[in-house]
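Pulled from TrEMBL:
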{"type": "TRANSMEM", "residues": "20-42", "note": "transmembrane segment"}
{"type": "TRANSMEM", "residues": "57-74", "note": "transmembrane segment"}
{"type": "TRANSMEM", "residues": "86-103", "note": "transmembrane segment"}
{"type": "TRANSMEM", "residues": "154-174", "note": "transmembrane segment"}
{"type": "TRANSMEM", "residues": "181-197", "note": "transmembrane segment"}
{"type": "TRANSMEM", "residues": "203-220", "note": "transmembrane segment"}
{"type": "TRANSMEM", "residues": "232-254", "note": "transmembrane segment"}
Amino acid sequence: RHGSGKGEDSFKTSPFHLDLWFYFTLQNWVLDFGRPIAMIILPLEWFPLNKPSAGDYFHMAYNVITPFLLLKLIERSPKTLPRSMVYVSIIVFVMGASIHLVGDSVNHRLIFSGYQHHLSVRENPIIRNLKPETLIDSFELLYYYDEYLGHSMWYIPFFLILFIYFTGCFTPVAEESRMPVAALLLVGPSSLYYWYLVTEGQIFILYIFTFFAMMALVMHQKRKGLVLDSNGLFLFYSFSITLLLIAAWVAWLWNDKILRKKYPGVIYIPEPWAFYTLHMNNLHAAKESL
């Protein structure tokens, strides 16, 4: 059934999924962006350093809710999509997000001990004095699981599923290629979250390749007389505005010598939390000393 008889599905239309996109945006902001904020602002005595923080519980909820929303999004596609690829992607997504949960939990709790995210592991004052020195290797391994392996297994399936869904967001009816008011209201918060996701997750290459693939697909389908429906436009505009936000972020911090040292590569995109521990923490300390 999945492999045939669905040519006509390409011409079915799907209304704007206000409920799903709203839930996506809300839980992304609360459960993902809000994780470290909740950890920092809530009293430490409520969540001792040797126990999971409030942010960890946010992360656990995110790891359950997001795969469910992704599956519901795929189910609503007017086109039958490769289910096996979707299911494997969801499995890898959950594995990667769970790996990230552990690494991120420890790394963010280290902030209370003076860990500075704008410095590398070995350059951090609380790490470089550890004895024996092999303990530093363990912290670097933790950082690898958090920032590299966890992020890769989390974000690659996430963007892949969004792109797979995007391939079904085309219609031959030009009148259906417009965004309702609800979509226009959500596109701003959605774009801002993707900016955070790309910059904090250091996944610009993955994001830009996904965006280019979306652009190429749009041009290819346009030759067939097909245009994006409201859901496709919402995703496409969200990714487009995200690129503008990233460009503004990089331009603002272009001459920051300390962040330049941590991100020396050709692609210079500082992490928001590195900016926070470098500049905002210093600002808070200066206010407390007055």
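Just so you know, glycine gets a Cβ as well, placed from its N, Cα and C.
Note: the stretches the transmembrane segment (154-174) and the transmembrane segment (20-42) are not in contact (fewer than 3 CB pairs below 8 A, sequence gap of 6 or more). Of the two recorded stretches, the transmembrane segment (57-74) does not lie close to the transmembrane segment (181-197), with fewer than three CB pairs under 8 Å once pairs fewer than 6 apart in sequence are set aside. Under 8 Å from some Cβ of the transmembrane segment (181-197) lie the Cβ atoms of residues 16, 18, 21-22, 24-25, 28-29, 32-33, 155, 203, 207, 230, 233-234, 237-242, 245-246, 249, 272, all in the same chain and six or more residues away from its ends.
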